[in-house]
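Feature annotations, courtesy of TrEMBL:
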type: DOMAIN; residues: 2-358; note: domain 'Amino acid transporter transmembrane'
type: TRANSMEM; residues: 6-26; note: transmembrane segment
type: TRANSMEM; residues: 59-78; note: transmembrane segment
type: TRANSMEM; residues: 98-115; note: transmembrane segment
type: TRANSMEM; residues: 127-149; note: transmembrane segment
type: TRANSMEM; residues: 161-181; note: transmembrane segment
type: TRANSMEM; residues: 193-216; note: transmembrane segment
type: TRANSMEM; residues: 236-264; note: transmembrane segment
type: TRANSMEM; residues: 276-295; note: transmembrane segment
type: TRANSMEM; residues: 301-319; note: transmembrane segment
type: TRANSMEM; residues: 340-362; note: transmembrane segment
């Protein structure tokens with residue numbers, strides 16, 4: 001019950017912080033009209049920290065964004081290798097080798113230059129995602145005769161709950177991409193409506209998925225839901241998940257390389273340095289994600305640790321803090337209270353995630 005409540009709460013909070021983050025891009029002119037005076041998360045951070053240092057805020061935000069995006073890219077490679085090894089257990093190939101094979105299919109990413117190509121791949125990713133949800137929920141519905149509400153317990157295992165907090169919040173995070181997304185919309189005025197509907201439908205799908213799966217398997221529900229499916233469906237869904245992971249990779253990869261590339265001073269006198277530099281940055285990032293996917297021990301715990309810091313910061317802490325800083329005089333009392341509550345909640349989530357991740361690492365390296 002707490003998990004289902006958390007799915008709904010996380011959707012509402014992430015939707016709210018997305019809106020206030022975009023509000024920080026705009027200022028009112030003399031006629032009271034909202035004008036977009038900032039373009040990126042970095043610009044918002046610099047505006048908030050300009051009295052302390054003109055570029056300090058942007059530097060902190062850029063580093064945080066790049067770390068989170070790189071870790072996400074690595075996660076997709078690790079997941080791809082894991083799914084391939086589970087889908088073809090009879091082939092004598094290690095999981096790391098499967099990750100290299102998945103990496104080869106991602107090499108064309110170094111030639112992606114526009115967000116339009118990324119959006120097409122993300123659209124395909126969403127279609128595959130719907131196929132996965134449809135297959136799993138359909139199978140669960142065929143097992144409806146076994147459902148029992150008695151499988152739900154009212155007791156709460158606090159440490160497991162904290163882990164689920166991080167997982168559920170991570171599944172909603174999109175704040176890094178929102179300024180660019182809003183700036184590229186044909187009608188930016190529809191942004192708030194778009195954000196409401198996408199978070200609403202995401203919440204509905206996640207809730208139905210979680211509820212039907214748990215009613216079907218109860219305490220036997222695995223961390224990876226495909227492990228609960230019959231073998232013929234498990235392979236099909238694993239391959240769909242593999243496709244989804246590979247199609248998901250270009251978005252964080254493109255965003256990370258664009259951030260780094262924009263921070264590098266460009267030589268305007270050279271006709272070929274800019275494209276060559278862009279290819280070098282993308283190629284280096286691609287190779288970095290592979291090396292870290294192959295040689296980082298206990299990556300899941302490391303991902304949890306970095307995600308607890310960067311994920312909570314980019315999703316809750318910074319949007320609420322920046323909104324309070326830039327809009328303080330124009331906010332109502334309730335809006336100020338909402339921002340402060342989101343900031344405190346984000347801080348507690350981050351702290352809890354850090355403690356759990358460090359505890360896990362200490363247990364392993366004990």
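Easy rule for this one: first residue shown is 1, then count along the chain.
Backbone N, Cα and C atoms are what each Cβ position is placed from, and that goes for glycine too.
Touching of the transmembrane segment (340-362) and the transmembrane segment (59-78) is ruled out by the presence of fewer than three CB pairs under 8 A, sequence neighbours closer than 6 excluded. Taking pairs at least six residues apart, the transmembrane segment (193-216) and the transmembrane segment (59-78) share fewer than three Cβ pairs below 8 Å and do not count as touching. With a cut-off of 8 Å between Cβ atoms, the residues of this chain six or more beyond the transmembrane segment (6-26) that come close are 34-39, 41, 43-44, 47, 164-165, 168-169, 171-175, 178-179, 182, 191-192, 195-196, 199-200, 202-203, 206-207, 210, 315-316, 319-320, 322-323, 326-327, 338-339, 342, 345.
Outside the transmembrane segment (236-264) by six or more residues, the chain places 42, 62, 65-66, 69-70, 72-73, 76-77, 79-80, 83-84, 86-87, 102, 105-106, 109, 112, 115, 117-118, 121-122, 124-125, 128-129, 131-132, 135-136, 176-177, 180, 226, 229, 277-278, 281-282, 285-286, 289 with a CB less than 8 A from a CB of the stretch. Among the stretches 59-78, 127-149, 276-295, the one making the largest number of Cβ pairs under 8 Å with the transmembrane segment (98-115) is 276-295.
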